[in-house]
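The structure appears below as structure tokens.
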Amino acid sequence: MEEQTVQNRAAKLPMLALRGLVVYPNMVLHFDVGRKKSVLALNEAMGSNQLIFLVAQKDIREDEPKDYDLYTVGVVAEVRQILKMPGDSLRVLVEGLYRARLLDILQENPFMTASVEEMPLKAIHTKAQRDTAEALVRTIKDLFEEYAYLTPQMPKDYMLNVMASDDPGYLCEYIAGNLMLKTQDKQSILEESSPIKRLELLVKILENENSVLSIEKDLYDKVKQQVDKNQREYFLREQMKVISSELGEGENLQDEAMEYFSRIEKLHLSKGTEEKLMKEAERLFKMPFNSQEATVIRTYLDTCLDLPWNKVTKDKIDIEKAKKLLDKDHYGLTRVKERILEILAVRKLAPEIKGQIICLVGPPGVGKTSIARSVAAALGRKYARISLGGVRDESDIRGHRKTYIGAMPGRIIDAVIKAGSKNAMILLDEVDKLGHDFRGDPASALLEVLDAEQNKTFRDHYIELEFDISDILFITTANNLGDIPEPLLDRMEIIDLSSYTREEKFHIAKNHLVVKQVKRNGLTAKQVKISDSAIYALIDYYTREAGVRKLERAIAALCRKAAKKIVENNESKIVFTDANITEYLGVHKYRPDSMLKKNEVGVVTGLAWTSVGGEIMMIEVNVVKGNGKIQLTGSLGDVMKESANIAISYIRSKAEKLKIDPDFYKDCDIHIHAPEGAVPKDGPSAGVTMTTALVSALTGVPVRREVAMTGEITLRGRVLPIGGLKEKTMAAYRAGVKTVIVPEENKPDIEEIDETVKKNLNFVFADDADTVLKTALLFATEPDQLLKEPLIHSGVDRNIKPALDTAVITQ
Ligand code: ADP
């Protein structure tokens, strides 16, 4: 059956169509055969010279391939072995012998036979061709190496075979035969007769294959990473358990960390936050139980887990109820309560509006803290207080970094933890006492806390996690508006609380403070009675303050004394009156301010405003023969000294009109003094007082003792407005003054003055020094006509008549 030409062998052979398989010469492989035609073809081959023509079919789905379904180039192979497999199929082992072209299909049934002709490879003749082939072989080896790297499961001997061979024909067929390539690609290499073109083809195929494989590998790695991460964490935790139990740090630590894990999980925190906390808990595993660092981590975790991440209370804004609560806890403060209720009403209508911060301003002990606490109670919010007095370091607000020994969270986070809810009410007490130094400015940190834009993601240095404090209601307090840093002030809604009058103090004490202190000291109302006269005595002789803090302390002291007496002497009831109070509290600590006993020359009643409220402040002036010296005593501040000089200048400019010797400043010494010399005083509001005292001393005209005054003076004698009118007039009223001279421009402030005070005082509004002098000095007649001769001594006895011809408002 075999015909052979000199060069090309030709043969008529049984033919087997291959599905998805291309066999090359020199290749030994086995495959399974099931189709009937194929089995018969194999039998035919086995019956003769064991040669068979193997050719790939174009479409593997075709069961009965016709000539046009087959490629035209295949391999003549020798069948080495046939194994019967279960069923009708066979497993054959073949060895490719040579490439052959299908010339004709001789028979289609019962099996196919074909006439074929050998297709030897073209030879490489020239050196150039050889070089090209060698270069291509090298490239192929490199590409194959990369291919092997990308498919780690490839058997090692493939690599060795490839690396060991330099024959282009063999290399091509070996590589194409053993790699998982597309049938089409394998076939195209088989069909190519030029060794160089074949190599080029293989280069292309390998390059393409490598790039696809590397993309596949990337994708695989990514997917694997994701899956691995979860598994890894699980493994690590399990591993840690084993490690720590091996180390004998056993159950405690594991249990502890596991407990942290479950506590963290339960909080359902944001992803970043949870991850960070989990990591910290994991670190706990790696440490000896009692180590310093484990303690630090434990404290840190406890602090973080104590934060009310998801705890909120429901606001219950009922204006009627809130009003009742505020009234129940606080006497008076009508306007303050009204403002608070207005703010609450707005909050009820528009709960989403945030950022407006209430600032309660007033002297100590007037009920700022206690109002704030009532607001929290009225809203049904948790309450915490932060005292900002003396805070000078930014880290007080924001905490210290964990790396510092003894690091702690800042006061904000601390208060949030104490309050225990994410929408608590936090009182920032004494914002005006914030300091700052080289360690940073706490005011700007506070600004961030209060800024609705920024406080959603507040970050404490210690906690190192973002915590939303935008739902927290901040209320601030301050004693002095002027000391609040400007940017903070901009954000605040100011509510003023001013000093209490004697009457108000009395009512607060009687209705609130006594009840509170009696209870706090374990007593009952039946056991102690503090009479009204005793309360007045406490207010007048044992305390001097704007608020009621010291009064409350004095009442507490009385209650303690009573408790002691009841226990020691078995007494059933103690009654305190103004008569017996000295027995318990000692001699009177204060004398109430009072007016001068008589009208004097050179002594004027001024009004001052201090942290304890309003006070009477006398100004005394002596003019004696000398050479123009001016002496100022009584711990006067710079502004007050300037006021004195302004007063002197003004009087010099008006000397003639006032019938004062224009050269008075040359031949006499002036001494101005403000008694209680040890108490520092300052401010411009004693300007009119000094002017009046100077004029009185220089003219010898006495000053009406029942007149008190306040006001700044200019060089032209204009009277400028002052602050603290409410407190100052209260002091005047307390001292028994009848008339107060007030700057014209302070007229609108009259409204704020306490009703009792208003009722009992005459107000004279002055816009220039003339009005002041006319009101305060006891001129015999009009000032310009009064004095023929300047008098430079005090205590002149004259025929005096009051000169109150200016507008006097009687309230
Ligand atoms: P502040 O915060 O202004 O310094 P507090 O709120 O601490 O003052 O007040 C001191 C004490 O006086 C508290 O016990 C408070 O309850 C009480 N108090 C102040 N004002 C009133 C008032 N109008 N009615 C009842 N008690 C008051």
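Using the three backbone atoms N, Cα and C, a Cβ is placed for every residue, glycine included.
Whatever TrEMBL says is automated annotation, not expert-curated.
What TrEMBL says about this protein:
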- Ser685: active site (ACT_SITE)
- Lys728: active site (ACT_SITE)
- Gly362, Pro363, Pro364, Gly365, Val366, Gly367, Lys368, Thr369: ATP binding site (BINDING)
- 13-210: domain 'Lon N-terminal' (DOMAIN)
- 598-779: domain 'Lon proteolytic' (DOMAIN)
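Here the features listed in TrEMBL are painted onto the structure.
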residue : record           : DSSP (3 states)
Gly362  : ATP binding site : coil
Gly367  : ATP binding site : coil
Ser685  : active site      : helix
Lys728  : active site      : helix
The one of Gly362, Pro363, Pro364, Gly365, Gly367 whose CB sees the fewest other CB atoms within 10 Å, among these binding-site residues: Pro364
Lys728 (active site) and Val366 (ATP binding site), distance between Cα atoms, whole Å: 16
Recorded positions whose CB lies under 6 angstroms from ligand 1, from Pro363, Pro364, Val366, Gly367, Ser685, Lys728: Pro364, Val366, Gly367
Between Gly362 (ATP binding site) and Lys728 (active site), the C-alpha gap once rounded to whole angstrom: 14
Which of Thr369, Ser685, the listed recorded positions, has fewest other Cβ atoms within 10 Å: Thr369
Set of same-chain residues at least 6 away whose C-beta sits under 8 angstroms from Lys368 (ATP binding site): Leu360, Val361, Gly362, Thr477, Leu497
CB within-chain contacts under 8 A for Lys728 (active site), separation at least 6: Leu607, Ala608, Trp609, Gly614, Thr710, Ile722, Val740
Other residues, Cβ within 8 Å of Gly362, Pro363, Pro364, Gly365, Val366, Gly367, Lys368, Thr369 Cβ centroid (ATP site): Leu360, Thr477, Asn479, Leu497, Ala546, Gly547, Arg549
Ser685 (active site) and Pro363 (ATP binding site), Cα-Cα, nearest whole angstrom: 19
Around the Cβ of Val366 (ATP binding site), the count of other Cβ atoms that are within 10 Å: 28
